[in-house]
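I have placed the structure first, in the form of structure tokens, so that the comments after it can refer back to it.
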Ligand SMILES: [Zn+2]
Ligand SMILES: [Zn+2]
């Protein structure tokens, strides 16, 4: 198999995990909150006045689809899921997959005209970075990541190993946060903003799948920063996966429009405010450098 496929299976797996992981999590948030809990936005929605993406079932105007068309979609999918209990969230989700505003969908109400092109392209770029990092690690090219089992003997060594890896995860988060902050501020420099970053600010109240609406050249720079700890920090590949999962979750939640808070550490309102006020909250995902540079804004 290896001589047929020039890539290692780990690289292919990394590509698929990022690609499908991104789609699955965004679709799940969309279905659970924007479809199932669309009548109780006060309990979870940031910027409750902004109801773009909220499923308007009562009027039948879901992304411009007619209520008849939607009924046909749901009926045909329901046939496929007839073996599943119709009251479960899974069957509900399956029946409503056609309504999910997938990144490549065109003509979604309220979306930027180039969204389908940019978001599809950027999802591929993000997945390709995962593939290249995994392949580089397997071949020992560029990547500093370690593979295999840690050479530990007893409980004490395991604890020291875990402490060391935890420190490397924290270091990689700090490394990414610092580079991202100054990169983001550069993106807000007049000519650069107008040429590139303005696209990302099309959405004043982001919702699932909006995070990928970035000019692809800008996205290349950002994904390089995101994956760069693999080039400089000698951490285990599993620790790097933890780091990537944390930032992936934050990136998706930051643009979900859903109120998620971890006191003093993380708050989805922080980046949401940046989409409304472009001169504040440049950090991702933490506000520490904004506090340091006086660009922190708490209230919208
Ligand atoms: Zn954003
Ligand atoms: Zn910005």
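Each Cβ is built from the backbone N, Cα and C atoms, and glycine gets one as well.
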From 83-107, 158-182, 183-207, the residue range that TrEMBL assigns the feature transmembrane segment: 158-182
Within the domain 'Fatty acid hydroxylase' (171-295), what mean pLDDT does the predicted structure show? 95
Structural state census, the domain 'Fatty acid hydroxylase' (171-295) (DSSP three-state): 81 helix, 6 strand, 38 coil
